[in-house]
Amino acid sequence: MEITKPALAGTLESSDCQVTVEPGDGKIDFALESAVINQYGNQIRKVVMETLNNLGINNVKIAIVDKGALDCTIKARVEGAVSRATDHFENNLWGGTGK
Amino acid sequence: MNPNKKRLRRTMMFLNAQKPGLVKDPYIYNPDSIMLDLEDAVAENQKDVARFSLFHALKEIDYRGCERVVRINGLDTAYWKEDIRCAVAGGCDAIRIPKTESPEEVRAVEAEIAIAEKDFNIPVGRTLIMAAIESARGVMKALDVCESSERLFGIALSGGDYTKDLQTRITGTGVELMGARQNMIIAARAAKVQCFDTVFTDLDNMEGFRKEVETIHLMGFDGKSIVNPRQIPVVHDIFTPTQKDIIFAEKVVKEIEEKREKGIGVFTVDGKMIDIAFYDGAKRTIELAKASGVYKGEL
């Protein structure tokens with residue numbers, strides 16, 4: 001899937017995270033802002049990269065503002081932002097790969 | 001039959017499916033069921049992404065035995081089929097259909113669930129259905145809805161929309177809901193499915209809430225929809241049999257079984273006249289006590 005336009009998903013409420021995606025420069029540019037970046041930064045990065053990989057996205061600028069989100073929320077917000085950036089909402093292969 | 005069809009459902013707590021702060025740990029309040037809402041709680045401009053939150057919450061959060069029901073968007077929207085695919089793929093326990101008015105709607109949902117179960121390798125028949133009744137027509141069709149599908153475990157009154165349709169309002173007295181409640185519980189019992197009461201939204205009026213729960217308990221309802229965790233202990237308190245009820249029910253069951261062998265049909269227990277007609281009710285009290293975790297006997 002190709003990111004063709006900027007999109008955002010999630011909020012800045014506690015336990016949530018806000019994910020912004022926009023077209024990349026041929027690679028994945030990852031930026032993270034989090035109060036727990038020292039404790040969980042690597043884990044958040046890992047979850048984001050795995051989610052992008054499952055979606056078949058390797059060319060994107062992605063910025064996360066984390067407010068204490070669980071892994072399941074991070075995955076949901078990344079997928080939500082990518083869906084908005086690609087206009088892909090129906091017939092998802094829920095839990096499958098290569099959406 | 002799916003063994004979960006008759007499970008204990010005293011409380012069903014509504015949660016906005018796309019609010020991470022709400023869906024991450026509702027089990028700490030011990031509701032019997034949680035209702036992850038994709039419908040009214042989700043703003044129109046968030047419908048597109050709410051399913052992702054739902055799917056991953058269902059897949060990854062351990063709800064510790066709470067039943068996970070998903071309220072899908074109405075069958076008059078573009079969302080409901082993908083809602084079902086997402087919820088079934090996530091492994092939800094049941095789908096709640098809003099604004100149900102006919103058995104055909106239940107069967108349409110049933111067909112989509114069956115396709116999704118096949119597509120996502122979920123055992124066929126695992127996903128149950130409940131139907132929300134929210135209109136005068138729905139109340140009049142309650143029995144047909146109750147008998148529409150083997151997957152349907154119950155019906156629930158949605159008082160807000162129903163009173164609008166009836167051209168009245170929620171008064172706090174219950175008078176405006178009297179007919180619907182009576183009709184629905186009779187229909188549910190005739191079809192041998194469960195029946196659930198509407199939410200009580202005046203959150204500071206705990207006395208009024210308790211009275212309403214006592215009323216619907218006496219009417220025969222199986223449980224109530226909940227919008228705030230502090231309502232849960234009140235419902236559980238009223239719906240859980242007391243030790244006095246349990247001891248009496250135990251005596252009734254034992255006596256009826258003993259006397260039946262001796263050919264005696266009518267006798268007294270603690271000064272009350274008892275016959276076979278009391279048997280099912282006493283058994284139900286024991287079953288409810290067991291399901292509520294308060295039965296320590298041997299029956």
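From the backbone N, Cα and C atoms, a Cβ is placed for every residue, glycine too.
No curator has checked TrEMBL annotations; they are predicted automatically.
As written in TrEMBL, here are the features:
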DOMAIN    B:10-229  domain 'HpcH/HpaI aldolase/citrate lyase'
BINDING   B:Arg71, B:Glu134  substrate binding site
BINDING   B:Glu134, B:Asp161  Mg(2+) binding site
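In the three-state DSSP classification, B:Asp161 (Mg(2+) binding site) falls within a helix. The average pLDDT computed over the domain 'HpcH/HpaI aldolase/citrate lyase' (B:10-229) stands at 97.
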